[in-house]
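Undergrad: Let me begin by handing over the structure; questions about it come next.
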């Protein structure tokens, strides 16, 4: 299974982190105040849009200062007990706690829901109050009223969206290391759609590169759409598979800006990666199949049926796993994969282009539409091509791809052995063996 590039090329040190110089300086001063025994703040909150490097900065900081990183996802209430446990141990001296140098990282604190995760915020506040170790929290949007007490207890550090030039340097460096041909205009288009999200840029670059083998403007325009500021396909998958409640799974699908059919392909690719039980996989695919049926009906009958699509594609897949009902269940962390259909597009795009140009050439010669050429003219031309291939090729100036397509139609127009036998019976009926007397 190929490693996701955003993990493969994640900065290993603060020096490698692009476009966040002020933030890096603030973090260095803060951690050094801890190391000198006079911390300026017990905890910092790194906040900013997805993909700007919040978690990466925390990891790079720990690596640069040779500190162990203890990481938890604050938005997962299954970690509430862990947070409380860490809060207690963090108040004990380093020699009892284990390795002396540590940073505690709590990711996605804005994912805490006050009613569903009751007790999480008090537990984090207790951790900050008692800790003998530096604490880093991250959030996309820390301004929810329920997080006010946390904001008052930490040093707030904002990360800005990444600019065009740092992102372009990053993408070009990856293309060079992966030995991939990339066109500047194509990279510009990816960046324009990304809303400054480096992870989104890298994910899109990898999908196109693995599918097409090169990154051109046409390929990018075909596959890359403007990123929603809140959700991308990877986050949608994670939010569905990790959902604890029906509404969480449905909201994840409803809020996603990914095309419905494309999102189904994402689930199709990743269901067997997330679920290990064959029964769970079967139930998830059953829900996905029914969602596909309802989507087809919604297009034909009315979009009121779209709610059923969301129910099946969100909660239907999320709760297909019976393992979730077991006490202490925790979803597996999975490196989600791009849909194989992207690779299929790469393989078929050249053929589709050849069909288009062939129909256009014939249409120009016969002054008819491409649809009429496909339905009426092409079958006759294919039959003629079997006897006069060179004349047709010269007249239409066919490319190798167009010749291949015409050969496919030629084979399709040939009668099968059954059809030949039926035709023989029709025109040469079997003589009766009986004789007149």
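A Cβ is built for glycine as well, from the same backbone N, Cα and C atoms used for every other residue.
Quick paste from Swiss-Prot:
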BINDING   48, 49, 50, 51, 52, 53, 54, 55  ATP binding site
COMPBIAS  416-425  compositional bias 'Basic and acidic residues'
COMPBIAS  426-437  compositional bias 'Basic residues'
REGION    410-437  region 'Disordered'
Undergrad: Is residue 49 (ATP binding site) helix, strand or coil when read with DSSP?
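TA: Reduced to three states, the DSSP call for residue 49 (ATP binding site) is coil.
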Undergrad: Please determine which of the binding-site residues listed here (48, 49, 50, 51, 53) has the lowest count of neighbouring CB atoms within 10 Å.
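TA: Ranked by other Cβ atoms within 10 Å, the binding-site residues 48, 49, 50, 51, 53 bottom out at 49.
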Undergrad: Name them in sequence order: residues not among 48, 49, 50, 51, 52, 53, 54, 55 whose Cβ is within 8 Å of the mean position of the Cβ atoms defining the ATP site.
TA: 56, 138, 140, 159, 197, 198, 199
Undergrad: Under 8 Å between C-beta atoms and at least six apart in sequence, can you list the same-chain neighbours of residue 54 (ATP binding site), or say none if there are none?
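TA: Long-range Cβ contacts: 46, 47, 48, 107, 138, 159.
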Undergrad: Count the Cβ atoms, other than its own, that fall within 10 Å of the Cβ of residue 55 (ATP binding site), considering every protein chain shown.
TA: 17
